[in-house]
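Student: Have a look at the structure that comes next, please.
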Amino acid sequence: MDTKIGSLDTYKPPCSDLACPANGAVCTIQGSSVSPTSIVNPTESTLGSHIARRLVQVGVTDVFSVPGDFNLTLLDHLIAEPGLNLIGCCNELNAGYAADGYARSRGVGACVVTFTVGGLSVLNAIAGAYSENLPLICIVGGPNSNDYGTNRILHHTIGLSDFSQELRCFQTVTCFQAVVNNLEDAHEMIDTAISTSLKESKPVYISISCNLPAIPHPTFSREPVPFSLSPKLSNQMGLEAAVEAAADFLNKAVKPVLVGGPKLRVAHASDAFVELADACGYALAVMPSAKGMVPEHHPHFIGTYWGAVSTAFCAEIVESADAYLFAGPIFNDYSSVGYSLLLKKEKAIILNPDRVVIANGPAFGCILMKDFLKALSKRLKRNTTAYDNYHRIYVPDGLPLKSAPKEPLRVNVLFQHIQKMLSSETAVIAETGDSWFNCQKLKLPKDCGYEFQMQYGSIGWSVGATLGYAQAVPEKRVIACIGDGSFQVTAQDVSTMLRCGQKTIIFLINNGGYTIEVEIHDGPYNVIKNWNYTGLVDAIHNGEGKCWTAKVFCEEELIEAIATATGPKKDCFCFIEVIAHKDDTSKELLEWGSRVSAANSRPPNPQ
């Protein structure tokens, strides 16, 4: 994909959301509100003001940060940008997680930290965003430009005169790195970094020397012209050959199915995938990490395909099919339930964002997934056999046993009530752990958001991600389902949610430990110190902002708490601590845990 920076014409997109990043290709991102020939006030023609304007231009209106002496001047310039809201987080890890959550909704996110102590702290969150193919701009305030190459030792480093340690760490988890320690090429380096993040849908690293942000320079004297990212193009001959081969393969099948994977997001192909499903009539499923990317109200939707822990009757239909098309899958040990999927390569068409592989036969490169899906939808014969079979054998899910009065609350009862809360005005954030499995079973209404981090699976991700996601879509009420062990990792930024006036509902499931680890391999290390979680949030609230907390032990108290959170306290941040038995888990986690444990404990192959 070519990058053109400096289009002659400005352009305003129909929305500020990165040209509708969920499904649309990125062309021009956001137009400048002034003529590209406008001269910026010389006192404002600085590196700091330039990067602030660039962030606003690509759709970032909130930047998550932690101050440090190397980034303070840069933060001054970000604050001075009228279109930018600087959100201070409690630590760098949460700032990175927040930028991750923001990028999932807005299409791009950004965070700003200080050199090394901040950079290495945010690194884990950046790695998670890399694994999930999220455009994220990580900006680090770096050493004074005069200190490079002087053999000096600086604070916030490991005590060596070599300042490259942070850069070397970021090289493996970002797709581009820019160390800006002079003004002459700063403009080009910053623009290249941002455009590369958008093109590759991966994080980038930008280090800016602490003495540069406030200095004017001629290259910043004009208002930035809109980025114009030329869209990738499919090889037309290859596309036609791939579509012909795939259509021939699928049209010969008796009961083919479609399965959506998580790379639908990076390929901007969700709409094209649904268009194909509409045209061909195949049964339609999603992999667990693609939940929310395909509308679950689609008439041929059959649920989540997750091997032995799939939603009811979904695995039986997928694995018994004589042909299946997987659009953007990731097959790892978690998504394959310890490598136990009953799939055969000779039955599969595998689509990656720019590549098509048909069974054991040909592979076609330089083909965009969305172009392939749209073209294929015009070539397939309609075949509803697999969906008809599903409809024939499907038995509606049973309801949880009715709770006796004041009976200790069961987790399956909790999620029965969470299901009733969902609408087009809500979004669900599921933390790593049993919430993965319980939230997978939620049936998402049209336009209900859903996010979780499956590939990286970093516990504690959801607190920061909830902060960022809610900040990106204030019109939605975010419902976060978080285990007590995960919450202890990143709890501090409930403070930032309150300071931002967010109206999120957090269900804190307190069962006294790391339940997902218990089901993989138990030991005393999975038991954690119990906290008074509602008391903690009340202390963080400290009378500033709108906050309401409740601790529930039974279904009656849960019903009352939900009624309050969605009624009188609907404009408040609501924190509901749910007390659950330590062994109260979904049946899917029990099955999944045993299979992952078996995969982890395989003996070495004989040498």
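Note: Cβ is positioned from N, Cα and C throughout, glycine not excepted.
Marked as domain 'Thiamine pyrophosphate enzyme N-terminal TPP-binding' by TrEMBL: 46-151. TrEMBL lists 243-360 with the feature domain 'Thiamine pyrophosphate enzyme central'. What TrEMBL records for 453-578 is domain 'Thiamine pyrophosphate enzyme TPP-binding'. TrEMBL lists Asp484, Asn511, Gly513 with the feature Mg(2+) binding site.
Help me picture where these features are in the structure shown.
Tutor: The domain 'Thiamine pyrophosphate enzyme N-terminal TPP-binding' (46-151) scores a mean pLDDT of 96 in the predicted structure.
Long-range Cβ neighbours of Gly513 (Mg(2+) binding site) (same chain, at least 6 residues apart, Cβ-Cβ under 8 Å): Asp484, Gly485, Asn526, Val527, Ile528, Lys582.
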Student: Setting Asp484, Asn511, Gly513 aside, what same-chain residues sit with their Cβ within 8 Å of the center of the Cβ atoms that define the Mg(2+) site, listed in sequence order?
Tutor: Gly483, Gly485, Ile509, Asn510, Gly512, Tyr514, Thr515, Ile528, Ala580, Lys582
Student: Would you count the other CB atoms within 10 A of the CB of Asp484 (Mg(2+) binding site), including those on all shown protein chains?
Tutor: 25
Student: Give the residue counts of the domain 'Thiamine pyrophosphate enzyme N-terminal TPP-binding' (46-151) per reduced DSSP state, in the order helix, strand, coil.
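Tutor: Its residues fall into 51 helix, 22 strand, 33 coil.
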Student: DSSP helix, strand and coil counts for the domain 'Thiamine pyrophosphate enzyme central' (243-360)?
Tutor: 38 helix, 25 strand, 55 coil
Student: Around the C-beta of Asn511 (Mg(2+) binding site), how many further C-beta atoms are within 10 angstroms, looking at every protein chain?
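Tutor: Taking every protein chain into account, the count is 22.
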